[in-house]
Amino acid sequence: MSPAAKSGPKEIILHGLGVSPGVAIGYVHVRESGSIAVPEYSVRGAQIEEECTRLDGALQTAQRQIGRLQAKAATMPAAAAEEMGFLLEAYQQMLKDSRLVRGAYRRIRDDKINAEAAVQAEIKDITTGFEALDDTYIAARMDDIREVAYRLIRALTKSHVKPLNTVRKGAIIISEEMTPADTAQLNPDKVSGFATVLGGAQGHTAIMARALGLPAVLGAAGLLGHIQSGDHIVIDGDQGRIVINPKPATLAAFEAKQAKHRRTLSRLTRLRRQPSVTRDGTEISLGCNVELPIEMPGVLDAGASSIGLLRSEFMFMNRDDIPGEEEQYKILRDIVKAMDGRTVTVRTLDIGGEKLAESLTQDIGDSAQSALGLRGIRLSLKKPDLFEAQLTAILRAGAHGPVRILLPMVCSQQEVRTAREILMKLATKLKRKKVKIADKLPPMGVMIEVPSAALTADALASVSDFFAIGSNDLTMYTMAVDRTDEQVAALYNPLHPSVLRLIQFTTEAALRARIPISLCGEMAGDPRYTALLMGLGIRELSMSAHALGPVKQRVREIDLAAAQNRATVIMGQTDSGRIAMLLDDFNALV
Ligand code: PEP
Ligand code: MG
């Protein structure tokens with residue numbers, strides 16, 4: 001649906017990171033803060049201090065959020081930067097010391113109530129007296145105090161604003177930030193795309209946007225200052241452009257671009273039945289990454305040879321409880337059956353960092369949100385009940401077709417050994433109970449996504465049945481660049497020689513140990529890297545379903561010997577700019 005452009009409102013063009021390709025044309029749905037249901041309960045004894053600690057944590061979270069907005073504001077044009085800067089600094093001051101904060105702590109201690117109820121009561125008290133005054137300045141200050149209070153309450157209740165399922169068809173969601181859990185709720189039949197102020201190109205929000213085929217622009221400074229619900233809008237996910245209230249000529253140009261993008265996609269789906277082989281006949285296996293079950297029709301349509309990465313986190317997001325073994329089994333069984341004999345690689349829970357599941361991480365605190373914290377396999381080994389339920393569900397799903405088990409964030413042989421012991425114990429127990437599982441244990445492999453794993457790939461190969469290189473995290477941890485932070489997005493570079501050397505070292509270790517190796521990070525889905533990865537020895541890639549056509553097209557153009565030669569030249573370089581040039585030149589030629 002493309003709304004007709006009006007001549008009235010002024011056309012505004014903004015720039016951000018184009019993280020998911022395609023053009024979306026629609027109307028703006030600004031994601032409002034909305035009202036939050038605030039639970040209220042009494043606390044006693046030691047609980048009082050616990051509530052104060054929760055409030056400490058919420059204050060730190062809010063300070064971090066405002067800090068990110070301050071960094072973002074600094075990149076805006078001078079006048080806007082100054083205005084935003086003052087406002088955000090005022091928020092920071094309020095979070096450090098203000099009547100709101102002091103009052104909330106006092107209420108927890110004196111009224112013996114939970115932290116969110118204390119913040120709620122205090123904000124009510126502060127605003128009541130002033131509401132009667134008909135003063136626009138005071139009204140604006142009250143809005144600011146409310147904004148800070150709601151931020152605290154959101155952090156305390158961990159509530160995410162969830163109006164996303166109720167939007168009209170053709171909506172383009174505009175928000176300060178979208179978490180991966182928020183993105184998982186988007187229904188591509190209704191939502192045409194989204195844009196945010198915060199967020200990097202390699203985070204899971206961006207990955208999910210690509211998986212859902214939704215054009216998206218993240219990290220667009222000043223977005224919220226220019227936009228209202230109902231405005232007409234264009235999102236260009238290739239160029240990272242956002243056009244609010246486009247002029248008729250602008251709209252026509254984007255409609256033409258949108259039509260061209262659709263034609264390209266449908267041309268590429270015709271490759272579905274073509275084999276994925278190089279010009280010299282080497283087969284390259286192209287699998288799909290799946291983060292949500294709604295992607296399955298796309299996976300089957302794309303003609304994927306396997307699911308090379310099933311991100312099992314989706315089962316744990318957007319809910320207050322933990323899915324039991326039976327529920328997990330049924331979801332996995334349906335996916336395994338749908339793949340009809342093609343292998344499904346289920347990655348065990350990789351909650352942590354930006355991907356949070358409230359039900360699991362409440363008791364972990366900040367460590368769960370840290371990229372270096374208690375996440376991935378570390379969390380699974382710390383919570384054996386959770387891990388055992390997941391492994392049991394996978395073992396049972398394995399009765400319906402080939403499955404493999406993939407462990408995330410592995411750093412040591414011991415983690416793999418412990419996981420395998422648990423798996424063997426569970427399999428024995430299930431067999432004894434005559435529960436149907438496959439005769440052979442599923443292969444257990446590891447993600448190579450932290451430098452310590454890559455640098456000890458030879459050791460890990462001796463305890464693993466296969467490797468999957470996670471180039472997203474491997475790039476992030478090697479370069480020390482947060483993949484979700486738009487401020488450092490330009491520094492995130494998988495072509496840095498450090499990252500390439502780790503990929504090469506890992507691949508050689510796997511080939512020597514004769515275990516299968518694939519790459520399932522975002523590099524796999526970008527045809528720019530296909531020849532280089534093949535030249536380094538990788539024969540198996542896993543990517544979002546939308547990327548499969550373009551990558552297969554690239555595979556079919558490549559001569560393996562030429563790719564190997566170019567990879568050798570590239571690996572002799574120390575400068576990432578020169579590496580990029582050598583690769584792009586090769587891609588332009590072959
Ligand atoms: C990776 O890190 O490359 C990967 C595939 O895992 P995720 O993107 O889910 O962290
Ligand atoms: Mg990862």
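Cβ coordinates come from backbone N, Cα and C, glycine included.
TrEMBL names ARG347, ASN472, ASP473, ARG483 for binding phosphoenolpyruvate. Of ARG311, ARG378, ARG514, the residue it gives for the same site is ARG311.
Among the binding-site residues ARG347, GLU449, ASN472, ARG483, residues whose Cβ is positioned under 6 Å from ligand 1 are identified as GLU449, ASN472.
Residues GLU449, taken from the recorded positions ARG311, ARG347, GLU449, CYS520, are distinguished by a CB atom under 6 angstroms from ligand 2. Taking the Cβ of ARG347 (phosphoenolpyruvate binding site) as reference, residues of its chain lying under 8 Å away and at least six apart in sequence are, in sequence order, LEU309, LEU310, ARG311, SER312, LEU406, LEU407, PRO408, MET447. Residues in the domain 'PEP-utilising enzyme mobile' (168-240) partition by DSSP class (helix H, G, I; strand E, B; coil) as 18 helix, 19 strand, 36 coil. Under a cutoff of 8 A between CB atoms, and with a sequence separation of 6+ in the same chain, the neighbours of ASN472 (phosphoenolpyruvate binding site) are GLN202, ILE207, GLU449, ARG483, GLY521, GLU522. Comparing local CB density within 10 A for the binding-site residues GLU449, ASP473, the maximum falls on GLU449.
Across the structure, CYS520 (active site, proton donor) and ASP473 (phosphoenolpyruvate binding site) are spaced 11 Å apart at their Cα atoms. Taking each of the recorded positions ARG311, ARG483, CYS520 in turn and counting other Cβ atoms within 10 Å of its Cβ gives the largest count for CYS520.
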